[in-house]
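Enquirer: Encoded as structure tokens, here's the structure I'll be asking about.
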Amino acid sequence: TNTLGELTLASASSDSETVGASPPLRKKYRASVAEGAGGLGAAIGSAALSTVPHSVAHININNMQANGAGQGQDSELSCLNNSAQNGESSSAGEAHTNVNGLSTTNNGNSVSNNDGIPAPAASNNTVSSDANSVKKKKRLSQSEEDVIRLIGQHLHDLGLNQTVDLLMQESGCRLEHPSATKFRNHVVEGEWDKAESDLNELKALMHSPSAIVVSPTVLQLRMKFLLLQQKYLECLEDAKVLEALQVLRAELTPLKYNTERIHILSGYLMCSHAEDLRAKAEWEGKGTASRTKLLDKLQTYLPPSVMLPPRRLQTLLRQAVELQRERCLYHNTKLDSGLDSVSLLLDHACSRKQFPCYTQQILTEHCNEVWFCKFSNDGTKLATGSKDTTVIVWHVNTSHQLKLMKTLEGHAYGVSYLAWSPDDTYLIACGPDDCSELWLWNVQTGELRTKMSQSHEDSLTSVAWNPDGKRFVTGGQRGQFYQCDLDGNLLDSWEGVRVQCLWCLGDTRTVLASDTHQRIRGYNFEDLTDRNIVQEDHPIMSFTVSKNGRLALLNVATQGVHLWDLHDRVLVRKYQGVTQGFYTIHSCFGGHNEDFIASGSEDHKVYIWHRRSELPIAELTGHSRTVNCVSWNPVVPGLLASASDDGTVRIWGPAPFLDVQDAEGLNGKDLFDWSSYFN
């Protein structure tokens, strides 16, 4: 402080001697203050310097000494950042001292003016440090930290490591636990001894990947086994047989874990070359691919707070896209699990115009009521049966238009049920209650291969193919239930079962049959056992089963359409809207992944539901009498057929003209919000 006072006096004296004339008013006043007041300059200097950090003041003093010594004529002393000239501060928030004006500034607030008139000394409470002038960083919530880590992991996978470092530094987060990072690097580099040593550090952080609680010691054992297995395989691939044998005997075997796997690993010693080893072990070979796959397995034993699951952001995005598609009422195309085929910037929405709600074709070749229709398993043909005693087989061309292919005649009582063989070579036709005959046609040649009738008192109204394509079962409400070969020879029979509808399950042994006791029972023709599966309170007019054999769709008299889970034997859902009396109406699963259900109705409409929604998403009008049967093309999800007592078959498809946005499924809207009806 004394030095500052002396410098001020010396500066004033030097100025007056150099110029040789009366000093300017400012300098004259400063000189008079220095001469008349004695130590006032020192007091002012002390007050000024007390308001700046010690280090800044010290540097400014050194600068002032240098300026005074080197120039003499220049008493303008500046700060390091050249911020104090003529009493003006160069930047807000930067504490500095202007010696000429004896002003001290903090955060842009002047303590004394530039005319040299001192202000009262500022207290420590008035002038705070720079740290107090900087806003504290907002504390991140747990979800915000999670998002930052997910973004960091994705950027790391893209190779943007510098960006990741900056993101973690600025956010104050860490991508993963330091021990996990070290462990990851050692695994990727194939430093197995170090990676094994890292397990000791990670032991306290481990957790069980399943609901069953497992001790950290056991988890460490499992992780060690996976590491040593990789080490063993890499030694074998490098033809280091002795080292591999040492790993097997001295490291893997003493663990006394998964001895069955160790026996399999020991067998790999006999592999003659690396390709043989990779094939038998179903292993990618030494390198990044297999080690990354190993890390993915090891991560399951560590909580996400320590090491994130691999590609976690992509997994979450994929789940979000799939969930939107599953909740989309009109989504009827193949689900692409990749993210490249969708836009993450828009919600998924399909338009109703893409759905088979529009009449594309009306088939009028039948001259009486049409009782049944069924697409072939390969989707290239449609068979329709009518009261007019004919079966018409239609060909579905590449533009999804139907052309008459063959007419099969001679069914005296009419045709009320049809069944395609698994390979679509044969077609079986059944008649109504009074019909005791069954026709087996070769569709390609149009020839009748078998006309079967066991007794004139029989009623063969339903049929189902065994999945092996060599047998079928048939029956009716007069108590007949037969299993036959392709020539109509009787293989087995079940007495006293009044059959309404039949279905063969994929195990090739079990036959489902609805009977007059309002139930569906499972019959095994091999061991002659049966069991109850479904019990309704009203007559089951017809039923069909999903491709996976899990769900059954029932048309129940006076009740409508019911969905049953055959495995759990529970009623899943009752669909609303349809009018179902005592007519036999056949419903169906359909659309991609069989996500939809369609049924005819006695009110002349076709109803379509999403499998998870009890309310219909579409009501198709056009028929003028009861719709007896519907069939969804199993290959073309946008093609639906319906048969009616009005003598016509209608083919339903998407709207004939779609604009670009509808075709892309971006702006699809519906009149109602159906999401509340999903479970």
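Note: Cβ is positioned from N, Cα and C throughout, glycine not excepted.
In TrEMBL, annotation is done automatically, which means it is predicted and not curated.
Pulled these from TrEMBL:
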type: COMPBIAS; residues: 67-92; note: compositional bias 'Polar residues'
type: COMPBIAS; residues: 97-114; note: compositional bias 'Low complexity'
type: COMPBIAS; residues: 122-132; note: compositional bias 'Polar residues'
type: DOMAIN; residues: 176-243; note: domain 'CTLH'
type: REGION; residues: 67-140; note: region 'Disordered'
type: REPEAT; residues: 363-404; note: repeat 'WD'
type: REPEAT; residues: 408-439; note: repeat 'WD'
type: REPEAT; residues: 620-652; note: repeat 'WD'
Enquirer: Using a Cβ-Cβ cut-off of under 8 Å, list the residues of the same chain that are 6+ residues beyond the ends of the repeat 'WD' (620-652) and lie near it.
Expert: 332-333, 354-364, 366-375, 377-380, 382, 384, 386, 396, 400, 402, 583-592, 596, 598-602, 604-608
Enquirer: Could you give the number of helix, strand and coil residues in the repeat 'WD' (363-404) as assigned by DSSP?
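Expert: With helix first, then strand, then coil, the repeat 'WD' (363-404) has 0 helix, 22 strand, 20 coil.
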Enquirer: From the DSSP assignment alone, can you count helix, strand and coil residues within the repeat 'WD' (408-439)?
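Expert: Per-class counts: 0 helix, 12 strand, 20 coil.
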